[in-house]
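Participant: My questions all concern the structure below.
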Amino acid sequence: MTSVSSSSEFQHQHHFKSADHQYASSKQGIWIFLCTEILMFGGLFVGYLIYHSLYPTVFKNGSETLDWKMGAVNTVVLLISSFTMAAAINYVQRGLHKVAAIMLALTIACAGAFMVIKYFEYSHKFHVGTVPGKFSLVDPACSAGGKRAECESKISALLKNPAELEKNHVNAEEVSRLKAVISQPKWEMFYGFYFVMTGLHGVHVVAGAFLIFWVFIKTLRRKVGPEYYTPVEGVGLFWHVVDLVWIYLFPLLYLVG
Amino acid sequence: MSSAHTKTEHGHSTDHNYLNHGSGIWSWMTTLDHKRIGLMYFATVSTLFLIGGFFALGIRLHLAKFGATPLLEPDTYNKFMTFHGAIMVFMVIIPGIPAFLGNFILPIQLGAKDVAFPRLNLGSYYIFIAGAAIAASSMIFNQVDTGWTFYTPYSTAKTSNGVILLVLGAFTMGFSSILTGLNFIVTTHKLRAPGMTMDRIPLMIWALYSTSIIQILATPILAITLLLIGAEKTLGVGIFDPDLGGDPVLFQHFFWFYSHPAVYIMILPAMGVISELITAFSKKTIFGYRAIAYSSVAIAAVSFLVWGHHMFVSGQSTLAGIIFSIITMFVGVPTAIKLFNWISTMYRGTVTFEAPMLFALGFMFLFTIGGLTGVFLASTGMDVHFHDTYFVVAHFHYVMVGGTLMALMGGIFYWFPKMFGRMTSDLGGRISWVLIFTGFNVTFFPQFILGAMGMPRRYFDYLPEYTNLNQISTVGSWLIGLGFVVALITMIHGILKGEKAPDNPWGAKTLEWQTSSPPPHENFINTPTVTAGPYDFR
């Protein structure tokens, strides 16, 4: 008992007075870092609000072409992953390493599921042509020299081609929404924001998954436990912020319009 | 016996210090010691400064028009200008005092053994190196010529992809800045020595703390702005492209929302250094400690509200211009408070004029000129005339070089004995100061006149009537270059052959002077207990 206890005792770093002192410092550091993450997304939200107020119809039309069902599924997936992450932290604190590892693995699986669903969403948009900038044109080189107004969009070409509509599972409802989109000038702006915002969030999901894998390895090797769980808790907080950002992105892009 | 014991212990601590704690290159490359990391930043920033200085001399030599044919081709001139600006702003002045002096000094002045997160500190250094390398490679291989501000559509409409790499480099260095700021905030909150209450914290640390707050709050906006440039270049998302409904001026809002607070990332630590130098060489308690400390925080706060004054002629509304003009004036108040308090500290003090003090006095003179001409530029009516002329160039060089670089040089000469355990030649320091101070005024004061006469900035060429003043300016740049060469020689000589430094060569009062020169690995043999303010000369 004594031997086990002493071997698992956590040694705080030399410049701190105690383990508690180190823990409190680490906690403060993590929260400050998360503030910077929120601020980075905050800049994007400011840009979104500016352009939304400039082009309200463009943003409403664009929003209606998004698949809110897939977005909702992803929301549920992330909420489940937040639960499994919180459970993992709790199990590490209680020294139940195997269960904690299972919870961490489930969290990574949720991240993977989120990205798979996003892959299908993005693929559909690439096929239909609801993408930003020059890539929304049949001929991307067409818009050079300020002649964009004369160029044909992929959406327009698609709507003339019943076979392509069938192939990409575009139903009548989606057709009417796509017509509404291209009836407005500057319609690509919405998709610029959609891809930048969800893309940046996706990068954070992937980064979060790698961090969770890192603490997963630490858990298996019993480098963390009741005496020292700062890495798991820190990564958990990061994951909760990633989840929180999506909870703002989903209604903003998919629902409000 | 007691005396003998003390002497023995002192001798031991002098013999064993952070410089010989671990030997070989690898022990430096993997060090977790904030003092060594500070020196690594010093070596890196100094090298980058020399490179940036080379481009500056090239620009000035070109603009002197000594020959019949232009020295540089237009594209080459644009690249020199971009390289000089990007290197000096992102790689020298922003990290110069916080990362180098801040890393070395902050934990010792707090009575701490290290920063809160030593591994993160080393990580910050390598992230900085990676960012600088990425930016440098884009400048070398992709020939970026947008200027350091990356304005759209210039940065996004051209076919060159160098902008993406340079932007990625700036993004990476920004991340390093965030992590350093985070480290300093937690260290200041959590690792102060017993007895060091908030009103006993050295003013250098108040300045670094305020700077860290700006780094944490402003740099993420830079990050998203740079990311949006990358997205614009690669995906054509249209956020800054009027063809797609975007607005190029929005980029300027985003960019200056970071980059004007970034000016204070540059200048606040400099002000912190000046507080240390003025008190040490006046042998007098700082006048208005709380006013100086809180004015640092006030400057940090107001710095977020004034970005629009870079954009008076961008098409911004008249009302916005008026608001930004008025708020910009407010930054002058806490700045003036500092200057008043420094002068009051010197009054009836025992003032001596070693090299560090000369740099501090030079700072006060030059920075005041920069500040007052900033008031001109904060007036919308005058700014319409001065915008994008050499008046602006002179203004920000007085602030950033006359201010920050003077303080950095003073700080180096001041803390050099503590860093290396040896003294520099004070004569060498004074000579370099005379050359830099004189050369600086000869270089940049004519540019105020040129700007008022209407000479545009960033141009490869100019009208004949500007020739004489440009040539005078170029001669000044040679004096500056010579001054820095003298400083470099003085420092190298100090490291190699300098006289052994006592623990407290200046008779100063902050904690770093209570430990050995150079300090041991954990900074103090025994953690000090603080019983008085940091400048208690009474």
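Placed from the backbone N, Cα and C atoms, the Cβ positions cover glycine too.
Automatic, uncurated: that is what TrEMBL annotation is.
Feature table excerpt (TrEMBL):
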- B:20-531: domain 'Cytochrome oxidase subunit I profile' (DOMAIN)
- B:39-63: transmembrane segment (TRANSMEM)
- B:83-105: transmembrane segment (TRANSMEM)
- B:125-144: transmembrane segment (TRANSMEM)
- B:164-186: transmembrane segment (TRANSMEM)
- B:206-230: transmembrane segment (TRANSMEM)
- B:250-274: transmembrane segment (TRANSMEM)
- B:286-307: transmembrane segment (TRANSMEM)
- B:319-337: transmembrane segment (TRANSMEM)
- B:358-378: transmembrane segment (TRANSMEM)
- B:390-416: transmembrane segment (TRANSMEM)
- B:428-455: transmembrane segment (TRANSMEM)
- B:475-496: transmembrane segment (TRANSMEM)
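So that I understand the layout, could you describe where these features sit and how close they are to other parts?
Facilitator: Here the domain 'Cytochrome oxidase subunit I profile' (B:20-531) returns a mean pLDDT of 89 for the predicted model.
For the transmembrane segment (B:39-63), same-chain residues at least 6 beyond its ends with a Cβ under 8 Å from one of its own Cβ atoms are 28, 31, 70-72, 77, 80-81, 83-84, 87-88, 91-92, 95-96, 99-100, 103-104, 125, 128-129, 132, 412, 419, 443, 460, 462, 470, 473-474, 477-478, 481, 484, 488.
Within the same chain, residues 86, 90-91, 94-95, 98-99, 102-103, 106, 115-117, 120-121, 123-125, 127-128, 130-139, 142, 144, 146, 150, 155, 208-209, 211-216, 219-220, 222-223, 226-227, 229-230, 233-234, 265 sit at least 6 positions outside the transmembrane segment (B:164-186) and bring their C-beta atoms closer than 8 Å to a C-beta of that stretch.
Panel annotation: around the transmembrane segment (B:250-274), residues 89, 93-94, 97-98, 101-102, 149-152, 177, 203-208, 210-211, 214-215, 217-219, 221-222, 224-225, 228-229, 239-240, 296, 299-300, 303-304, 306-311, 314, 338, 342, 360, 363-364, 367, 399-400, 403-404, 406-408, 410-411, 414 of the same chain, lying at least six beyond its termini, place a Cβ under 8 Å from a Cβ of the stretch.
Sequence-distant contacts of the transmembrane segment (B:390-416), counting only residues of its own chain at least 6 positions beyond either end whose CB sits under 8 Å from a CB of the stretch, comprise 42, 88-89, 93, 96-97, 100-101, 104-105, 263, 266-267, 269-271, 273-274, 276-277, 280, 354-360, 362-363, 365-367, 369-371, 373-374, 376-377, 422-424, 429, 432-433, 436-437, 440, 443-445, 447-448, 450-452, 455-457, 487, 491, 494, 506, 512.
Here the transmembrane segment (B:428-455) has Cβ contacts under 8 Å with residues 60, 354-356, 358-359, 362, 366, 373, 385-386, 389-395, 397-398, 401-402, 406, 409, 413, 462-463, 465-466, 469-470, 472-484, 486-487, 489-490, 493 of the same chain, all six or more residues outside its ends.
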Participant: Cβ under 8 Å to the transmembrane segment (B:286-307), counting only same-chain residues 6 or more beyond its ends: which ones?
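Facilitator: Tertiary neighbours of the transmembrane segment (B:286-307) are 199, 201, 203, 206-207, 209-211, 213-214, 217-218, 253, 256-257, 259-261, 263-264, 268, 271-272, 275, 278-279, 324, 327-328, 330-331, 333-335, 337-338, 340-342, 344-345, 347, 533, 535.
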